[in-house]
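Listed in Swiss-Prot for this protein:
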{"type": "DISULFID", "residues": "Cys48-Cys63", "note": "disulfide bond"}
{"type": "DISULFID", "residues": "Cys55-Cys72", "note": "disulfide bond"}
{"type": "DISULFID", "residues": "Cys62-Cys87", "note": "disulfide bond"}
{"type": "DISULFID", "residues": "Cys74-Cys85", "note": "disulfide bond"}
{"type": "SIGNAL", "residues": "1-20", "note": "signal peptide"}
Amino acid sequence: MKFVLLFGVLLVTLFSYSSAEMLDDFHQADEDELVSLIKKEEARAKECTPRFYDCSHDRHICCRSELFKDVCTCFYPEGGDNEVCTCQQPKHLKYMEKAAGKAKKFGGKIKKWFG
């Protein structure tokens, strides 16, 4: 009876080890594929227009800030007839980014206290 139990434990251990190796190989293949897709996407990306620069030639090309994409905002300057468009960050998104930064900083402090 002890021999059967010992043999069963050995069999389960070998099976779990082999399945863990298969899963590691599977995850490694997924990571390699994901990295290659990201590199292709970066190569395909166009140059973006920085904040407060003219975006009248393409209104969808503004750069991203930390969390949100800037928006091409058009307006007429005082005493002018021609429209001026610049990439800007709306105020509500600016406040949301500040709040997210403070929450992230506070989360780090809590993690340091309890972790």
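Every residue gets a Cβ built from N, Cα and C, even glycine.
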Self-check item: Other CB atoms within 10 A, centred on Cys85 (disulfide bond)
Solution: 18
Self-check item: The one of Cys48, Cys55, Cys62, Cys72, Cys74 whose CB sees the fewest other CB atoms within 10 Å, among these disulfide-bonded residues
Solution: Cys74
Practice problem: Work out how many Å separate Cys62 (disulfide bond) and Cys48 (disulfide bond) at their Cα atoms, rounded off. | Solution: 5
Quiz item: How far is it from Cys72 (disulfide bond) to Cys87 (disulfide bond), counting Cα to Cα, in Å?
Solution: 4
Self-check item: Nearest of the disulfide-bonded residues (Cys55, Cys74, Cys85, Cys87) to Cys63 (disulfide bond) - Cα to Cα
Solution: Cys87
Quiz item: For the disulfide-bonded residues Cys63, Cys87, which Cβ has the most other Cβ atoms within 10 Å, all shown protein chains included?
Solution: Cys87
Quiz item: Among the disulfide-bonded residues Cys48, Cys55, Cys87, whose Cα is within 10 A of the Cα of Cys74 (disulfide bond)?
Solution: Cys55, Cys87
